Each structure stands twice: as structure tokens, then as C-alpha cells.
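One structure below.
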């Protein structure tokens, strides 16, 4: 086993005369110079994750209305696309984690080849997801295939990227800082994706299609649906969605360049000679039995499902239930600007008051969302958008800030284990996608049962009621239940300091691999 120089590039072991000696003094909290993470590396790390959030945001806010009003897929078929696609993405998590866990270090690291290798295929699958094929009967199959492919590749990218946090530095403070940079750029990416898509495609959903309403309502008979192009020309909307897909594909290339040139993976310089790599499936069993991880995962699965329901139904709610069609682009931008600007505040808050205390900010959206549902007006809508942005930022920052603490806590209890970092990250992404897929599937199915009609100028009262429930009542219940479970999460600021102290003692009391002479590397310590 060799140590990694900057950038994860293997370097030969130093001669015995040149070998540094293990530190026997110094305070436990002392930071080694080689462990310090530069601002440039943090910026590049944050920029690298933004493209995936740009694409995810555009899909979260607009794929639902695209399938219903541009591709003219029934709500039931759209629910199948979303549910199966999310399930495919979730199934890809353990597969991605397995192969990443088995991969070896290369000259550019262990995770970087996965990030760079999947990006071209991810761009192509995302572009084809927004392409309107000329055929009608198999259109559902087209979107199902490319949505599944996009979800699988996006999962591979996200698992590799999120796991990279543990290989940037061993310092908790630097990892938290890097996570804050990452979440700032991811929320900014969410803003860019929603704003870019919203401003470009807004005219595709303008109310001037009402003159076609009588014809559109009859599209669900097979004979008319086969000749849909003679009833309404959808080329304008198709072109707008293709433009945004191509633009977002270019953003992926920028993010990959930032990761490759600005981020360097590091092996823990204090890794023990006696370490053994946890087998992947055994690691999953250990993770699912690890109490802090179980409470953390259950809590944030409920919270993320609530946020996903808000995002995916917000445009439909503004269009059909609140008479805010001309404002929905600006409302989406308000949510995301608020979220972007509040990330530094939440980072400051969790450092001074603790991560569990910061979770209370997630609940702020509940009373305002209920007010919007009961008293829909423009002023209240913008107030709700601003507060929702604050809550969304907290819900995005906290889980990724808390996961490294859980990994460190696990390492203290299993000091001679390696390879568990990817397992914890891939498992969390797996369960998050499963829960959001179930939530979206229920959302679509409920709209279908309520009688949602694509491109109709006015939906029935039952559809309006369903949209209000999906925006107000269900997210409120999920968030409150998630916060209740998080109350019993055992890792607080005191235990974080104890874990940090234990890990620093562990690293200080054992020589690193790079300190062992070449002729002793294969002997037991």
C-alpha cells in the first residue's frame, strides 16, 4: 500500500533516514499543514457538484409539467415514469457503491475516474430526456428508458461526488467548511437550473393554448391521440426545452473541468497497517444496524420527501390552484435565491448552536405553506417563497454536514476498518431516492384519480383540492414526523468533540503507512 501525494498520485516511500517520526506531542486539535484544505480546492469542489443540481432542479420543477403538457402523457403513465425511474436510480446506489468500493487508486485518485467517466453519458441521457420523439404510441417507453438511464448515471455521479468529502481532508472543521461551499454551489445550481428553465420555457405554458382546449380534452381517445400533431403544434415548446437541455449539458463540462484541475484526493495519512476493508454487503448490514445512522436516515428521508413534493407540485399549484401562473417563474427564483443566500447563515448557526438545533429551521415553511393554501394571494406567495428558501437551505445542508460525523463515529467504534465511507453515502442516497420515488408516484396517481387533464385551461375542483393537500398538509406531516425522529439522534456537539479527540489520538499513536520502510511494509505491526 502506498501513500498518496497531492492529487492522489502514488509516490514512493521515503528512505528510512528521511522518514518523519510520528508526532508524540502537540495538542489533539493541532492541524497538520498537509491536511489544510485551500479555499481554491473548496471552490472547485463546490463548482463540481453544481451541474448535477442544475439538472436535478430543472427536472424536479419542470419534468412533471413537461410530460403532462408537452409530451401529453397521461398522469398515470407519468407516475410510472417517475416511480420506475426513481426506483432505477435507487437500485443504482448499491451497485455504484459496490464498484466504487472495489476500485483501486489511480494517478488521479479512486473517485475521480468515476466522476469523469460517467459525465459524457450523463449529458447525452439528460438531453434525450427532453427530446420529443415523432412517434406517439411508444412515447412513454422513450421517457421511461432515458429517465431511468439519467437517474442511474446521476446516482453514480452523486455517490462518487458526495463520498469525495471524506477524502479531501481528515479535519472535521475543514470538511464542514467544504460541505458549506458544496451546498452553496449546489443551491446556486438549483437556482440556476430552475431560473434558466423557467425563464426559457415559460412561453411554452402560456395560457394562449386555451383555444385548443375543447380538442385537447378529447385527446385520450386513441384515434385522436394518434393524430395529435394535427390538433396542436407543440414544436415551440419542444425547441425551448431542447435549448435548456443543451445548455445544462454544457454546464456539466465546466463542473467536470473544475473537479479535475482543482480537487485532489488524499488517503488518510494515518491509516493503520492492520486495517481491513469491510466487504460491501457486510458493510451495509453494519450501517443498517448503526443506531445514529438509522435515526438520521429515517428523519431526513421524511424531510426530503416533503421538500420533493413541494418542488414537483409547486408549478402545478401556482398554475391551476392559486391563479399565480404569471408569477411562478419569479416565485421559484425567490425560493432559490433565498436558499442560496441563507447557506452561510446556516453554516454559522450550526457551528455556534449545533447541527440538531439548526434542524428547527426546516419547520419554518409549514405555517406559511398552509397560509398560502388557505389564502392564496401574490404578496403571501412571495413571503412563502422566501421562507421556503430558508427551510430548503437547512434541509439540504444538514444531512451532508451530519454524514461525516456519523462516518467518524463509526470509525471510532470500528478502528481497524476501511472502505465504509462509500457505503454510508450510497446507502443514504439509495433510501432518499426510494422515498422520493414513492412520494412522487403517489402524487401522480392521486392527480390521475382526481381527473387531471393535460393542457386544460381550468382543472376540476377535485384536482385543486389534491394540489393543496400535496403542497400543504402532506409536507407538514412528513416534516414534523422527521424532526420528531431527529430529536433522538444521539450525536451532539459534545460527542462530536469526543469523536474528534479519539480519532486524533488514534492517528497520533500509530505510525502512518508512509512512515514504514519499504522492507517492512508487508510485516504486521
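Placed from the backbone N, Cα and C atoms, the Cβ positions cover glycine too.
No curator has checked TrEMBL annotations; they are predicted automatically.
Fair warning: this is a prediction, and the values are worked out from it, not measured in the lab.
Residues or ranges marked as compositional bias 'Low complexity' by TrEMBL: 1-10.
Residues annotated as region 'Disordered' in TrEMBL: 1-30.
Annotation source TrEMBL lists transmembrane segment at 61-84 (among others).
Here TrEMBL flags 111-132 (among others) as transmembrane segment.
Residues or ranges marked as transmembrane segment in TrEMBL: 144-168 (among others).
Here TrEMBL flags 240-263 (among others) as transmembrane segment. Within its own chain, the transmembrane segment (240-263) is flanked in space by residues 40-41, 43-45, 47-52, 54-55, 58, 66, 70, 108, 112, 115-116, 119, 122-123, 126-127, 129-132, 161, 164, 168, 192-193, 196-197, 200-201, 203-204, which lie at least six positions past its ends and keep a Cβ under 8 Å from the stretch.
Annotation source TrEMBL lists transmembrane segment at 331-350 (among others). Packing against the transmembrane segment (331-350) from elsewhere in the chain are residues 57, 61, 176-177, 180, 183-184, 187-188, 190-191, 194-195, 198, 314-315, 318, 324, 357-358, 361, 381-382, 385-390, 392-394, 396-398, 401: each is 6 or more residues past its ends and has a CB under 8 Å from a CB in it.
Here TrEMBL flags 357-375 (among others) as transmembrane segment.
According to TrEMBL, the feature transmembrane segment maps to 381-403 (among others).
Annotated transmembrane segment per TrEMBL: 423-445 (among others), in sequence order. Outside the transmembrane segment (423-445), and at least 6 residues removed from its termini, the chain residues within Cβ reach (under 8 Å) are 64, 75-76, 78-80, 82-83, 85-87, 89-91, 93-94, 96-97, 100-101, 151, 155, 158-159, 162-163, 278, 280, 283-284, 287-288, 293, 297, 300-302, 304-305, 308-309, 312-313, 399, 403, 406-407, 410, 470.
For the transmembrane segment (465-489), the list of distant contacts is 292, 295-296, 298-303, 305-307, 309-310, 313-314, 316-317, 320-321, 356, 359-360, 362-363, 365-366, 369-370, 372-374, 443, 446-447, 450: same-chain residues at least six beyond its ends, Cβ to Cβ under 8 Å. Positions annotated as transmembrane segment by TrEMBL: 465-489 (among others).
Tertiary neighbourhood of the transmembrane segment (381-403): same-chain residues 162, 165, 176, 179-180, 182-183, 186-187, 296, 300, 303-304, 307, 310, 318, 322, 324, 327, 330-332, 334-340, 342-343, 346-347, 350, 355, 358-359, 361-365, 368-369, 371-372, 424-425, 428, 491, selected by CB-CB distance under 8 Å and a gap of 6+ residues from either end.
Annotation: stretch 111-132 has the most Cβ pairs under 8 Å to the transmembrane segment (144-168), among 61-84, 111-132, 357-375.
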